[in-house]
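> Can you read through this structure? Questions will come right after.
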């Protein structure tokens, strides 16, 4: 028996007083906990079935690492209000992100209604079972995320602090759950289910990026010398900031705080979550009706993409290229699972150059440029190579029969259309964002070099396509993308990016060399795009 259910049994009398059919609710929760272990997580991990339990535990390892990092910050801060403000802010953010990314399917599930609601089960019992299911998940998350911080509070104030800390974490969980539910239903009340799916997918992408490289940014953003001496100053607008409420009990009990706002904060952190939960129970029937919007098809709403059509007409020289361009855009726009893999890879193309700049050293408030920083932008080409590799895969890979049924004879035109989609949809925005960052940091120092890097990226794209595109685009199961690629392909793409960067550096040593290099690239671009790509799929 799951230990969570044994603990739940201790509170059976509370549910029965609320008018909930406890045995039915327990059976529903027990079944859903079993299904959770069999569910593929939103975060991409191991795909083999015999590794499912390992992946389940790996998720909590991420939480523990973040929890230890957060505890270190809490240990440094001495002001009680700021301690809990930092903890509550990070806790709210991470718990909400994980709740949305991994457990939106629970919050928004309507399929179980076809099974449960055909039985004599009250809607209140169903709503409470959904809450209990998610609450059990959040408690497990809290053990790893908040546990290290609780140890810090115990070391600082003794065991009494643990009781207060646990109560506050429970109220935080309740508030996070209710806020997430109300936001979902506000979206469903005024919009359709497709917008909500897009919001959830965006949060999943942000979480994946955060776990991939966010820790490097976080370490550099925090000034550990200044937070040690910071003190909290009250402002009236703080009444509307839930993050600050949770420091009040610690300030009152352990520091002898007497200010009136501390007692108001303490009351708010208890009253607001409880009242919100009562509203949730009373509005559960209305919310279940709104969830029916999600049962509509997940097809993308029909709308015109004028910029895409204009770019397609400019870039594509024949009908096959044009069709391939628009088809690839449609897949990359609608395949949410594929986007979960593409955007984190792209984010490295922006963040790695910036991180390398700051790793070289800071002099006062301004970075002292060494003259080679433009070379870091070639990491964009390496990041784009990951996107090129991923266009072989799709969650709707079975639809790849359209290539055969459409009778395409010149597959190189299909490949060109797909690569031009990558150029339009990913390379141009990433290069533009990189240019904005570099101009903000260095003004006009590398302006022409930035343009040359972009031209080099256009020239490198068909070479990378030659390395990775080996069959029909989007024709392999997305699960296979987690399998390790051969090291020679990865090294070859790095070598391609390095070759363009090396030539750029060599040409820059001679007079007007950058302009000469740009001219050489412009000459070779049409040759690469015409002759390099494979003529047929392998």
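The count begins at 1 with the first shown residue.
Glycine too: its Cβ is placed from the backbone N, Cα and C atoms.
According to TrEMBL:
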{"type": "TRANSMEM", "residues": "60-77", "note": "transmembrane segment"}
{"type": "TRANSMEM", "residues": "84-108", "note": "transmembrane segment"}
{"type": "TRANSMEM", "residues": "134-155", "note": "transmembrane segment"}
{"type": "TRANSMEM", "residues": "162-187", "note": "transmembrane segment"}
{"type": "TRANSMEM", "residues": "199-218", "note": "transmembrane segment"}
{"type": "TRANSMEM", "residues": "262-283", "note": "transmembrane segment"}
{"type": "TRANSMEM", "residues": "342-362", "note": "transmembrane segment"}
{"type": "TRANSMEM", "residues": "374-391", "note": "transmembrane segment"}
{"type": "TRANSMEM", "residues": "422-441", "note": "transmembrane segment"}
{"type": "TRANSMEM", "residues": "447-469", "note": "transmembrane segment"}
{"type": "TRANSMEM", "residues": "490-510", "note": "transmembrane segment"}
{"type": "TRANSMEM", "residues": "516-533", "note": "transmembrane segment"}
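What's the neighbourhood like for these features in this structure?
Note on the transmembrane segment (162-187): residues 84, 88, 91-92, 95-96, 99-100, 107-108, 131, 134-135, 138-139, 142, 146, 149-150, 153-154, 195-196, 199, 242, 246, 249-250, 253, 269-270, 272-274, 276-277, 279-280, 287, 290 of its chain, located 6 or more positions outside it, place their CB under 8 angstroms from a CB of the stretch.
For the transmembrane segment (447-469), the residues of the chain that approach it from at least six positions outside its boundaries are 374, 377-378, 380-381, 384-385, 388-389, 391-392, 415-416, 418-419, 422-423, 427, 431, 434-435, 438-439, 489, 492-493, 496-497, 500-501, 504, 508, 514-515, 517-518, 521-522, 524-525, 528-529, 532-534, judged by C-beta separation under 8 angstroms.
Within its own chain, the transmembrane segment (490-510) is flanked in space by residues 372, 374-375, 378-379, 381-382, 385, 449, 452-453, 456, 459-460, 463-464, 467-468, 516-517, 520, which lie at least six positions past its ends and keep a Cβ under 8 Å from the stretch.
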